[in-house]
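Student: Please read through the structure below; I'll follow up with questions.
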Amino acid sequence: MNTGESYDGRNAYGAYSGYSGTGPAVSQPPYVAGMTQSPPEGMAAMPAEGMAGIPATGAPPAVPPAGGSHRSRRQYPAEIFELTNSQTVPMTPPPVSEPSYVMARTPTLSPYPEVTPNTLATQMGNVNLGPDPNASMMPASDLVSIDLYNQTPDVSELYAPPPPINLPLTYSATQAETSNCPPKYMRTSLKAIPNTNSLLKKSKLPFAIVLRPYTSLLEEDDPVPVVSDTIISRCRRCRMYINPFSIFIDNGHRYRCNSCGIVNEVPQSYDWDSFRNIQRDRWQRPELNYAVVDFLAPQEYMVRPPQPLIYVFLIDVSFISISSGMVATATRTILESLDRIPNKEGRTQVAFIGVDSSLHFFSIAPGAEEASQMVVSDLEDPFLPRNQDLLLNLRECRQGIENLLSKFNTMFASTRDSSNALGPALKAAEQLIENIGGKISCFVSSLPNVGYGKLSLREDPKILGTNRESNLLHHQDTFYKSFAVECSTNQISVDMFLFSSQYQDVATLSCLPRYTAGKTQFYYRWNAARSEDALKFASELSDYLSSEIALEAVMRVRGSSGIRMSSFYGNFFNRSSDLCAFPSFPRDQCYVIEAVIEDTITRPFASFQAAILHTTASGERRIRVVTLSLPVTNSLTELYASADQSAIMHILTMRATEKALSSNLSDARDGITNKLVEILEVYKKNLAGQNTGAALPLQISTNLKLLPLLCLGLIKHTGFRKSSHIPSDLRSIALCNLSTLPTSLLTRYVYPTLYSLHDMPLEAGTVGDDGVILPPALNLTSAIMQSFGLYLLDTHFQQFLYIGKDAVPQLAMDAFGVSSIADLKAGRFSLPILDNPLNTRIHAIISKLRSLDKGTTIQPSLYLVRGDGDPQLRSWFFSHFVEDRSDAAPSYLQFLQLLKEKVRD
């Protein structure tokens, strides 16, 4: 809440009306009241400004200290922590709780309690055997209409929980609160399922699942219960795994599948604990109490023995990569992250290939301290120079690997080779691991220009913003897509780390991760001489290497009888109509699966279940099973009352991204608008109030009231908006991000979060019951901006600190330690650590925003924007203001007017 003690005309940051900076002097600004000068215990701080940079060809600069990230286990190079002044190292950030809109983590089940032997009949007497056929559904949510015209969007509700699932607990076998799936794992666009296809078509609402099987980079950050006895019961018809909504009959000896309704036998050993040789209480089994579980898979789920985790590091060592500091930063970070790479069983292997106009291989015999370099110059038919010692066991060859990485940059420091034979290097890497599988991690700073897969410089500023621009978003060489499909077959995923000083053709190179379940990260105009650039890359690479891995994975999503999965979106390869292949399953990505209703659904509820069969880095074969059950309805009113605006936005994003990549940007934008118009038309015709005149010009239900705002944010996003000033690489990477982000992060990416820091409430930036308290979020319109203010904008990939041109010296001093904003250098920025409450609170807020999601490797770049500074930087900052009019897109109110004109009676 606002305490009233804000920086208005009567405080230390301005005079009464003109904000000339001549206001009454006070010893402490109002926000200091009740606070000490030192940071609260455990409060986070950002990296200090002025960290040691890195020479263009030298060792990498620093990775941010722990205060810059929530991942306290990260270890960084020692050189990275050197400060150029006597500032103290930031304190360790506090353990920050998840915001209230995030479902509580599923706790790990305690060990099974010892129970005295009893009969199954006695157990069955204490449990629900299925829904009472005469039981009525819980009341549906009321449908309340609002007038979009007469209500300012409340952006604080963007992260509110989705509409509730009105399904009684009595429909689950154990009636456990954890029986149904939390939305952070799986959510649907509709929280009630239409019983017929005609009702779904009439509603015009998208019907899809948004799936995020893993919500953290490390399993220990979000553990799920494990079924460790390898007893797996599945429906013999539809193959759905037994789950909390399975219905037991015949005194518990059989169960009815909640998907297809067929009766199945319960395994004979289902109630026996073979580890302790005692009878087990069935109702304590994880799969009957939890919607998200991991099954340890028996031998029959293995096509071959579990393979070791392998990383092939393919590093561009051309002149531009060396001179930018990329090679030095990458190899130093890999060196310092060796202990973080998953290697519990000591089986992990690595390989290194340098690429310029030739291919450079490195061999290390077990126990040897030095590597041998072998050069292959034949790019037409690349080959492996030897059959052994190219794949290096991380434990047995540790000393040699460390020595190689320490000298790697020096080996190529004097190069003048500007060629990049990426295609032949990829083929060689595939040959190296094609019989095992693994990950190829590519670090590329120059356009591939020799050998097969070479690319041309096709960027043409004259076609940006025209219909011909879409050609730049399509891949220009079929080699990369064909190679990616081949890699997927061989259980190889490819990750691309792209560094730009010129055109990189992200559209073509991103084909590799797209079809191999990999990731693309793009560092625009990156140079290690800027410490902020190197800090960001080193941090993200370190987290990438430490992330737990699921190998040789396949995913299948099933629905109840009458429901069929029709379209799949995300980074993977579709082996068949419903089987998605993942050589390695990423933990920081999300997937959307659209569904259709083929037959009338006659049961009171229906279920979805995702199953991901995979191998852990330690060699365990597991199946992660995620189950969600929803009520069935025949009411259009209940359907709209159950609609999830964030999930619908996610589906429209995936559709638009696919349209942009297969057709053109104009069709992508039109698809978003047309679907929104259809929804508004249905609502106006069937559900809106009787008064549809001037007093109620544009109505929608309250649970969908922010959907038009989110759609406008999509249309204005870098990935879709019409502009002649967006380089095709930036547009391509935006489309990559839009197609992989989980819903909570996608929302922030589409509609960034804006905070006012100069007048935030006293409690903002301090530690509360749920961690650091954030200021209220503001609408993205320049109308609320004050020329004397200080603001923070968070897009997930960037954070901007904007200080107005009329800010008084005291604000500049407290926030940045300078006497005037004229002393501030705009651009990429490290917030200094100062001994005053405002600076400490800003650090805490920035750290909190970076810690909201434990399932991402992204460390946002921080930029300082001055109200009287660089026009291009200011233009970039204000381009995120969705509710303002821009050159080629309407303001929010104008957008509503356009929608009203399109909506037919």
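In case you wondered, yes, glycine gets a Cβ from its N, Cα and C as well.
Straight out of TrEMBL:
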| type | residues | note |
| --- | --- | --- |
| COMPBIAS | 44-68 | compositional bias 'Low complexity' |
| DOMAIN | 232-270 | domain 'Zinc finger Sec23/Sec24-type' |
| DOMAIN | 306-544 | domain 'Sec23/Sec24 trunk' |
| DOMAIN | 551-633 | domain 'Sec23/Sec24 beta-sandwich' |
| DOMAIN | 644-746 | domain 'Sec23/Sec24 helical' |
| DOMAIN | 772-845 | domain 'Gelsolin-like' |
| REGION | 44-73 | region 'Disordered' |
Student: List the helix, strand and coil residue totals of the domain 'Sec23/Sec24 beta-sandwich' (551-633) as derived from DSSP.
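Tutor: The breakdown for the domain 'Sec23/Sec24 beta-sandwich' (551-633) reads 0 helix, 57 strand, 26 coil.
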Student: Summarise the model confidence on the domain 'Zinc finger Sec23/Sec24-type' (232-270) as a single mean pLDDT, whole number.
Tutor: 96
Student: Count up the helix, strand and coil residues in the domain 'Gelsolin-like' (772-845) according to DSSP, in that order.
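Tutor: So the counts come to 23 helix, 16 strand, 35 coil.
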Student: Count up the helix, strand and coil residues in the domain 'Sec23/Sec24 helical' (644-746) according to DSSP, in that order.
Tutor: 67 helix, 3 strand, 33 coil
